[in-house]
Amino acid sequence: MPELVFFSGTMDCGKSTLALQIEHNRSARGLAGMIFTRDDRAGEGKLSSRLGLVTDAVEVGDGQDLYAHVVDHLSQGGRVDYVIADEAQFLAPDQIDQLARVVDDLDVDVYAFGITTDFRSKLFPGSQRLVELADRVEVLQVEALCWCGARATHNARTVGGVMVVEGAQVVVGDVAQSPDEIGYEVLCRRHHRRRMTSATARAAALSPDVLPVTAT
């Protein structure tokens, strides 16, 4: 039976790499897929991983009907044996419903990949709807690590290396930002709560300690 599967995790856990691997494995067996993405770091209409792999994809726009897009492709004689939706956290809840309809009405597997929570530890609406509708939710087993070495469970937004907790939910950035640019970093819960990024931890380590008073 076709399924709607949601592969979730923090940044740096290999979601897009797995999406590309699924695409490779199925296309190598002669299957035809359709790839959706939104706001990928490589630019519009691209699915990319941090390992440097990239392939073309359909850039999803606001209000776009994903079910209608698949049906239109089929009606023009195209094949769709599976659908991959990367950066699924950025999709609207209605678009997640449309992906579920692709599974139920067209008998096509849909593999969605996304981050569950934003930099404030709040669920993305698209991810929330996927958790509600998916036949399976798979938490990726490639663990991202906090700067302290603990398992990273939270996504932090940074400006110049300093964690921020206000702003729009969706701002495209990367983990390799230059000073004063918006970036993202994965943290363990403890350091997310303390708002301690790798940059602020380094700054604290380099700060001169108060010297002990010595007896004269």
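Numbers here mean position along the shown chain, with the first residue as 1.
In case you wondered, yes, glycine gets a Cβ from its N, Cα and C as well.
Here the structure is a predicted model, which means the values were calculated and not measured.
Taken verbatim from Swiss-Prot:
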- G9, T10, M11, D12, C13, G14, K15, S16, D86, E87, A88, Q89: ATP binding site (BINDING)
- E87: active site, proton acceptor (ACT_SITE)
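For the recorded site, A88 (ATP binding site), the DSSP three-state label reads helix. DSSP assigns K15 (ATP binding site) to a helix in the three-state reduction. Of all the recorded positions listed (D86, E87), D86 sits in the most crowded Cβ setting, with the most other Cβ atoms within 10 Å. Comparing M11 (ATP binding site) with E87 (active site, proton acceptor), their Cα atoms are 11 Å apart once rounded. Each of the binding-site residues G9, M11 was scored by the number of other CB atoms within 10 Å of its CB, and the largest score is that of G9.
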